[in-house]
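One structure below.
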Amino acid sequence: MSTAQLSQNAVEARTRGFARVLGPFFFIVSVVTAARAPHMRELLDEFTAGQLWSWIMGTFLLLGGIAVVAFHQYWSSVAACIVSIVGWLLILRSLFLLAFPEQFATAANHIVGSVDTWRAAYFLVAGLGLYLAYVGWRREPGEE
């Protein structure tokens, strides 16, 4: 096996590892969020009541985003691109939460008001989650 093939196999393995985690997470959270739509206003009100939750979520999202970016900067397949983009989006969202919590709350209140739009977005994310779960958990030829 050549170095290039080994390197490509390592990239695919890393992408599959991230897809195994992110895929089911995105699917489950998106479907549950869409199903619990009537409760989202109450959850958002509690989340935005103070800055503590924005700070806590921002720091954990930043940690997760940096981890994805640090360990997965690959753009060789659709799944690899999705994983890498997710890492960068997590970093951006976390910076927004940490630096501008009031603006985040305003944007979130606007989005929660348009239920059909964000519900469609969550179903799109659920579809991406299913795709990533498939990529992460499917059997490759030659696997036991």
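Just so you know, glycine gets a Cβ as well, placed from its N, Cα and C.
Remote same-chain partners of the transmembrane segment (21-40), defined as residues 6 or more beyond its termini with a Cβ less than 8 Å from a stretch Cβ, comprise 83, 86, 112, 115, 119, 122-123, 125-126, 128-137. The transmembrane segment annotation in TrEMBL covers 21-40 (among others).
Residues or ranges marked as transmembrane segment in TrEMBL: 52-71 (among others).
Here TrEMBL flags 78-100 (among others) as transmembrane segment.
As annotated by TrEMBL, transmembrane segment applies to 120-137 (among others).
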Long-range Cβ neighbours of the transmembrane segment (120-137) (under 8 Å; 6 or more residues past either end): 15-28, 30-31, 33-34, 78-79, 82-83
